């Protein structure tokens, strides 16, 4: 089934159900120049071969419904494939007319991505140069494709019955949602399969060997190492199979990129916009004080709350202890998200200041800063318990008596009165060795369940509740309006045509959903992998918990993408990005923490909780960590060498295709040697340049956006024709074609960008009139 889907574009029934609409532009008309900018938007769309229809949205918004002209779509797809071929992304030379594709994008993802490129690429690359929220397009709130709800329901129903997903399921994700999302789901599926090994091993060790087993720690570290190296190899195979190897090298330049000088490339003759690498390096060094700020701000807060918790739960036994025990949790719950949000905003501003040319390089830099935040907030509490509380508690706890001063005035004296002279009741302190295990269980079981509820269940229930409330309010309002006078032309403009009502309601509902970012899910899995690599020797059932969680996560994430978020543009990617470096770092660090935990705790796993832990030798601890790290590095080298010797089907296929391509060019050049004096050395490059020039010429002949003026001072705004009830009825009579399909009727209602602009301006005026009319009617009724 995956192969079948991989050779088709959007199914006909989906386009028919959507009236041929493939993209939606959410346009706000709160600005005074909204009508003028709407004309600019529509003209830009039509100039690159995109048809648009305007309908009223929710609130002060319009929805601009977009579909491509097939000839322009084919030209853009051919241009993109040619560029991929010249950059080595594709191994086969593209042709305009082929038997299998006939110039149409191979997959639905490629079709939607090509349409998105037609809207957003710079004009020099054949696009309309539309950037939501930037410059001329500040009123453009978002650009998104429509969901295929029938396919989504079929997928959710099918996946809920499967224990494991197969390659066809993952291929369908790539076909529908693009390579960037497909990389995440393939990673999650691979991680889930690998977890079966440590889960079985952990269950065995939990039953027979107990906690802090050196046997489990060694095999768990080896598993983390093998998984990371295997995924690196898996990424390479996926790049070749999906033909996205090196695709990050041909990304468009960011609008926010600010160059300092322009130079002419001596080889290509192209203008290159340069920002000095030395200046960017100086700006990147700001990550050092940023890291220190993160450690100081979040680390101090977490350490303080940790100390308060230890004092209240294990030392203090006065009044209100039950309630005071929640104080650290409340402080963390209120403070950590706020501080994290502030630091994330600072990280974003720092990344913008570093001035990256492409969006991929910008995202990589931001992700690395966010990882620092996640590392501190996720792992610091366990580090404090394992490496501060247990070994140094007898030394540190006496200093916690400072907290006694805060509660001393509230202690009752012998007569029951509250006096400042009363003594606080202090328990004899004993190290709670179960604290570390309980903390690991919380982060790996309880926190995962809470996160699932907050991420999937709560948003779904919340959205259902507010949507039901909104529908009830609209129904009540419509009932009140029906009792009033007959509908005016203003109401007719804002009311939906019955044939379109269901479709437009669905579009408006989707426009209110949040944008999906696969980075958030990758971050979640990276943090989970960190718990496995760093702390699972504490409780060997950690991989069992993650195995169950990830089975649910795989399906809940897909449900979330299909139901809770807008459908994202199916962007391409050639890896999971910088998260792979984070996984490698966590795997390496796990070799250190595992050795330290086993040394510190394995000798006392059978001891009572009140037995002091004073037999730790610092030099032995460092020596065990040193040997563990070097064994890890040697094992990683061995695994990398072994992986490099393996040749998969995808690498063999890629090597064969490239060999046949070279051989074909050499044979062709040899046969033409008798007729041409020039050599065949540059034949490949010359042919590619000719093909790209041919594509550019065809795009220019088709009226590209290069002839689109900047709408300066000589711009004359189109007159808005009078739209009345009679004119609307006349249009309805013209559209009563007996043989027309619903899609043809939909697009026949607005023909050309000027007519769409007039309708959009009329809707804006009608909305403004309705807003001014409603307060007057309310005032009269009062």
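Glycine residues also receive a Cβ, built from the backbone N, Cα and C atoms like all the rest.
The structure displayed is predicted, hence computed values, not measured ones.
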- Query: Looking at the ranges 349-370, 371-392, 393-414, 415-436, which is given as transmembrane segment in TrEMBL?
  - Reply: 371-392
- Residues flagged as transmembrane segment in TrEMBL, choosing from 181-209, 239-267, 471-499: 181-209
- Which stretch, out of 154-175, 440-461, 506-527, 550-571, is listed as transmembrane segment by TrEMBL? 440-461
- Candidate ranges 96-122, 123-149, 285-311, 582-608 [criterion: TrEMBL lists as transmembrane segment]: 285-311
- So what's near the transmembrane segment (529-548) in sequence-distant terms, Cβ-Cβ under 8 Å and 6+ beyond its ends? 191-192, 195-196, 198-199, 201-203, 205-206, 209, 211-213, 216-217, 220-221, 224, 375, 378-379, 382, 386, 436-437, 440-441, 443-445, 448, 583, 586-587, 589-590, 593-594, 597-598, 601
- Query: Other than its close neighbours in sequence, what residues sit by the transmembrane segment (215-231), given a CB gap under 8 Å and a spacing of at least six beyond its ends?
  - Reply: 187, 190-191, 194, 197-198, 201-202, 205, 209, 529, 532-533, 536-537, 540, 543, 580, 583-584, 586-587, 590-591, 594-595, 597-598, 628, 632, 635-636, 639-640, 643
- Message: Counting only residues 6 or more past its boundaries, what in the same chain has a CB within less than 8 Å of a CB in the transmembrane segment (440-461)?
- Response: 378, 381-382, 524, 528, 531, 535-536, 538-539, 542, 545-546, 549, 552-553, 556, 559-560, 563-564
- Distal contacts, the transmembrane segment (323-343) - CB-CB under 8 A, six or more residues away: 290, 293-294, 297-298, 301-302, 305-306, 308-309, 312-313, 316, 373, 377
- DSSP helix, strand and coil counts for the domain 'Anoctamin alpha-beta plait' (20-140)? 50 helix, 22 strand, 49 coil
